[in-house]
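Working notes, beginning with the structure itself.
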Protein chains: 4
Amino acid sequence: MDKAKPLPSLLVQRYHGWRATSYMENKAWYRRLADEGQRPKTMIISCCDSRVHVTGIFGADQGEFFIHRNIANLVPPYLPDGQQHGTSAALEYAVTALKVAHVVVMGHSACGGVQGCLDMCSGRAPELEEKSSFVGRWMDLLRPGYERVKDLDGYDAQRAALEREAVLVSLENLMTFPFVASQVDAENLSLHGLWHDIGNGTVEQFLPAQNAFRPI
Amino acid sequence: MDKAKPLPSLLVQRYHGWRATSYMENKAWYRRLADEGQRPKTMIISCCDSRVHVTGIFGADQGEFFIHRNIANLVPPYLPDGQQHGTSAALEYAVTALKVAHVVVMGHSACGGVQGCLDMCSGRAPELEEKSSFVGRWMDLLRPGYERVKDLDGYDAQRAALEREAVLVSLENLMTFPFVASQVDAENLSLHGLWHDIGNGTVEQFLPAQNAFRPI
Amino acid sequence: MDKAKPLPSLLVQRYHGWRATSYMENKAWYRRLADEGQRPKTMIISCCDSRVHVTGIFGADQGEFFIHRNIANLVPPYLPDGQQHGTSAALEYAVTALKVAHVVVMGHSACGGVQGCLDMCSGRAPELEEKSSFVGRWMDLLRPGYERVKDLDGYDAQRAALEREAVLVSLENLMTFPFVASQVDAENLSLHGLWHDIGNGTVEQFLPAQNAFRPI
Amino acid sequence: MDKAKPLPSLLVQRYHGWRATSYMENKAWYRRLADEGQRPKTMIISCCDSRVHVTGIFGADQGEFFIHRNIANLVPPYLPDGQQHGTSAALEYAVTALKVAHVVVMGHSACGGVQGCLDMCSGRAPELEEKSSFVGRWMDLLRPGYERVKDLDGYDAQRAALEREAVLVSLENLMTFPFVASQVDAENLSLHGLWHDIGNGTVEQFLPAQNAFRPI
């Protein structure tokens, strides 16, 4: 791999700052985590977006959250076809090997992936329909959500609703995995749906009894 | 989605701590990021492992790192077959839409995914060979790395080498994406390979000139 | 301008070191910042003192901090009299054009400007009272601070207090600028006051609730 | 000053990283600089722009560069009128108290202040002509430079030339200060003019013999 470059020196400097402080203060704990393995209580599925770091929002300690981040925090339906499914692999590992007690899906405002889906499904972004568009094909996962918001009045309303649908579709797809459904039914695992507003700093959670997202 | 549960109160409580401090301290910046969109300089591809949070190690500010996390920080080869490829979608969005300047792949010690690959390829974990194993199929991506370490002496040596191969295979696969290769060739994008030791808190980077990982 | 001389070769040499490393490592990002413009989150007002570089202390990435440095990190009161006010111009540009989210004023120990002010106000440096003394007239800005410390016991105590007053007077003057006050009131901008001890490497911040500087 | 807020925690964290590394490694030197005072060899006058940090470009050690940063790196002409002149105060302190051996003025590409001056002088930005515009009044200092570039062909050419004029006008103004001129004539002080291209990472210096800027 002859193309790799040295890490930018600013990141090297910041790493040394981290090691001299956070690491040194918790050295014994890091060593123990290394020796004994992780035992996370919660898996979080959130977006790659650089403005939304769940480690900060939920004050992640080392060893606490198993975090998968992809475009638009989507979970595909269960499809054991022998192909590569990175999200499904992360989920399988978290639930069957690590036996997490919670899976949290967190969406957010101003999500570029969700906007791409809306534009694609409404005919505004035909380039995303192409077979070669990885973002387009990935966002196909959210088409069922689009069907439920397409009659709302106006682009902004559709977009806001579709961001929440990205969470709901993922929760629905989670339950198609046998190893998830069985653990949920056995009350060994609970699922949670959140939506985060970047600008306001608020978080809403989905409450089935109200069939709505409500501030936490 | 009637299975969703309210968020555990500990997380609600921590969220409010974050909002009262980090969010309130930077409210104006969050609003601006929400209004104007993100402009991250760097994409980081790291593992879901709960012991390895790059946001801490590299002191991530909001808007700075676009982060994809999957099992064993793997990048698949370019395959525009119209199927869902979450990692490829994240990469495409980061490089072509966000135009990040750096892609960093960071592996780590005691990686459960890498261990699974080693066990599978060496016959120790036949269940991972099954078609229905999402983790097994995902770790197929690292089989080329296994071929390069299988003759090393001893399980621990093979495992340590395979963790670094997970980074090298990903860097190689990155270059199979036309939009990555062209930006690398145009010097608009640089690739970096890291490996992190959880217990020691050290980070090594791959240096092509030495064909080896060296401490930063 | 026939007096200009070539840059000393040591600086030329160091520049080439920077270009071969830091610049080359981040070339794509520099190009992008050049093309798209800066979007700094924070304005820092600090002293010209050669021992206090906030770029190091706070690990400044390119594009992150808009930095004004003058003698004793002073901000004059709002005075739109059509004359040249370099600090006010920098502030206006940062707040109204760049829309920074934070303004940080950082003072420091052993500040020559502050000592000059103390000596001038206490009659020890009559030459600074002369109309032609640029330093003296600049340090007039800190006279309100001197009034608050002049009854303290001893020169060293007065000096240490006056260094912190340089921060407080500047924070007060910041609020006399309508474009600052309105953004602060709208919670789009927050102000911060720091004092740095060069020898100990410590930093204190002003906490209004305690009406005192406290270590960070 | 009841409006001051605590420093954002990310900056607190970075500060602790700096203290645990850079400061601790050089503790003895910091203490000595604190006790014995600074003895900088060079004063640098550069722009506040967040993309241009001379501490990085010229590898500033603690105690080495006395740095004044203002909008568009401008030096006003000598005007001992008893008013506040922050740049003149910094210059006076550097040359007469610290006795620096070099004064370097460094301009740069894509300078917002220079662009504002060009727009103002060419009638494109009448709001900058208002008495209340601090940026406009500050950029009045560059009007003599505009007169020398206004007949160039095209906006971009004028702008590029005006960025270099900001350096030349400042060098000319430097020589109007008696304490500068006398030290330059006595060969105790030398002046240098630089212009930095952010995107290319290049630096040019003004060479009187060629009456032009040339790469270093």
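Every residue, even glycine, has its Cβ placed from backbone N, Cα and C.
Database features (TrEMBL):
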type: BINDING; residues: D:Cys47, D:Asp49, D:His108, D:Cys111; note: Zn(2+) binding site
At a 10 A cut-off on CB-CB distances, which of the binding-site residues D:Cys47, D:Cys111 has the highest count? D:Cys47
An 8 Å radius from the center of the D:Cys47, D:Asp49, D:His108, D:Cys111 Cβ atoms defines the neighbourhood of the Zn(2+) site; name the other residues of that chain inside it, in order. D:Ser46, D:Cys48, D:Arg51, D:Val52, D:Ala72, D:Asn73, D:Gly107, D:Ser109, D:Ala110, D:Gly112, D:Gly113, D:Val114, D:Glu163, D:His196, D:Ile198
Long-range Cβ environment of D:Asp49 (Zn(2+) binding site), under 8 Å and at least 6 residues apart: D:His108, D:Cys111, D:Gly112
If we take D:Cys47, D:Asp49, D:His108, D:Cys111 as the binding-site residues, which have a Cβ under 8 Å from chain C? D:Asp49
Taking the Cβ of D:His108 (Zn(2+) binding site) as the centre, how many other Cβ atoms fall within a 10 Å radius? 23
According to DSSP, which kind of secondary structure is D:Cys47 (Zn(2+) binding site) found in, if we only use helix, strand and coil? strand
With DSSP assignments reduced to helix, strand and coil, which class does D:His108 (Zn(2+) binding site) get? strand
